[in-house]
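Reading through the structure tokens given below for one structure.
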């Protein structure tokens, strides 16, 4: 399962885009989105999801 970004809570700071090791986070239109075909929840390389760990707003990057 991939992660998603709750657009209404996102501050559009861009931290998640630069932190994602798989390049799954991109700015599309007016918001950041996570490509579910690229997101693997950082399994195999990290103890936590990198997008969620750098997000300044709790519960903005969540399981889809």
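Here the Cβ of each residue, glycine as well, is placed from N, Cα and C on the backbone.
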In Swiss-Prot, the [4Fe-4S] cluster 1 site includes 10, 13, 16. Which of 42, 55 does it also list there?
55
Quick check: of 51, 61, which does Swiss-Prot put in the same [4Fe-4S] cluster 2 site as 20, 39, 42?
51
Given the domain '4Fe-4S ferredoxin-type' (2-30), its same-chain partners at Cβ distance under 8 Å and 6+ residues beyond its ends are 36-42, 45-46, 49-57, 59-64
Give me the long-range Cβ neighbours of residue 20 ([4Fe-4S] cluster 2 binding site): same chain, 6+ apart, Cβ under 8 Å, in sequence order.
34, 39, 50, 51
Cα separation, residue 16 ([4Fe-4S] cluster 1 binding site) to residue 42 ([4Fe-4S] cluster 2 binding site) (Å, whole number)
12
Number of other Cβ atoms within 10 Å of the Cβ of residue 39 ([4Fe-4S] cluster 2 binding site) across all protein chains:
22
